[in-house]
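**Q** Quick one: the structure is below, and I'll ask about it shortly.
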């Protein structure tokens, strides 16, 4: 046929059988990738430390999506929360991966069958004998079926009526587990961080889809609308489908980057805004203050801070710290977290407590500045020692650790104090193993960052695809160079004055 690569889809333009075939093959490829990727991730995933080496630190991409839908067990005998199990059941991580691969194989065979047997009676218009599709009817069928699936997911899977529920956690990502969720029918259901909204919105959207599907199955579009929107043209279907996909991609890019109940931090890692706003730092200080109010010592109060909460308050877990072109997991960047060293408290020789100013998200380097409780600079690590007034040596800064592995240990040696001041810029101080994976010390993004970048990029690309194909189908006659009134203009007797549409003759 000699088609250039960008014109190859014309082979399925007037061939419904093979149009169906290539879509089934596409589904086979998507399902096959999902299953294969899941098996690869399971082969490299280390479930031994869900607190300091969770799935998002290891760069897992499909495991978090399975987990948020209720899969927590592996045929390898482990549970995602760190426990061991004896009977994982069919729907384990491996079971879901295998189901996708089997489904992919069946779709592959179905695609071949439909490619070979393309000329089916169902695709022929009985009036003309030519291949044709009743697109408004097909639209109604798809709307109805997707509505049923949407309603079923919200009413059965999410609520636990017939299914496991979904991953639900507290606001600080500490107590997450799979559990049934009751639909939230009040105004709280519109809060993106309320899991009940997931159930209620799927039930509502599914109901709407079912009703809309039945409407489109029982009511034919008006002729003027049918012609105006080119409802008989398959490229109209392509254009509107692309619109649905790019809109969904923009939405999920937003819910992933800014966070929501659908993207728990235990599965995808924290958001950059939680670092920017000191979200975890505030909660840690609140807990310490509450402990002190109960007559606990500083050491006791800090020792009760969960290691998981402290780890969230570390800049290396901020998805905006990784460059777009730095490949690999977070563990390949700053290393595998081994343990929390504790919270460093700095004091000058007068005994005044000093706080290290934290590094903002978009800085790679940042001056080490220590301020007092009023925000006044009291110490720093100077760039030029000759002009320094507030150096650690001059001010006599010491550091003492509370909680963690170095609980109760203090240092007054300036070199050690400066080392921990630099590390305190990055949040809570952790021991990181960079040898095991030959980590290079350069921060990487989490799957939250990759997902957002990928979906925002493809959404933009698909937006232009929607405009392109929409314009092609709406202005098909213009692009083809054929004026639809051309025959009327040259037809003898169509107009009182030849070629003048304002003098059109009335039919007798």
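Keep in mind that glycine also has a Cβ here, set from the backbone N, Cα and C atoms.
So Swiss-Prot lists these for the protein:
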TRANSMEM  21-36  transmembrane segment
TRANSMEM  101-115  transmembrane segment
TRANSMEM  140-156  transmembrane segment
TRANSMEM  203-218  transmembrane segment
TRANSMEM  237-252  transmembrane segment
TRANSMEM  457-472  transmembrane segment
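Thinking about packing and proximity, how do these listed features fit into the structure?
**A** Away from its own ends, the transmembrane segment (101-115) comes close to residues 17-18, 20-22, 24-25, 27-29, 31-32, 35-36, 39 of its chain (Cβ-Cβ under 8 Å, at least six residues beyond either end).
If you look at the transmembrane segment (140-156), the same-chain residues 6 or more away from its ends with a CB under 8 A from one of its CBs are 162-163, 183, 198-218.
Under 8 Å from some Cβ of the transmembrane segment (203-218) lie the Cβ atoms of residues 136-137, 139-155, 183, all in the same chain and six or more residues away from its ends.
Away from its own ends, the transmembrane segment (237-252) comes close to residues 135, 139, 451, 455-456, 458-460, 462-463, 465-466, 469-470, 472-473 of its chain (Cβ-Cβ under 8 Å, at least six residues beyond either end).
Panel annotation: around the transmembrane segment (457-472), residues 235-236, 238-240, 242-243, 245-247, 249-250, 253, 479 of the same chain, lying at least six beyond its termini, place a Cβ under 8 Å from a Cβ of the stretch.
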**Q** Where else in the chain does the transmembrane segment (21-36) make close Cβ contacts, counting only residues six or more beyond its ends and a cut-off under 8 Å?
**A** 12, 62, 96-101, 103-105, 107-108, 110-112, 114-115, 118
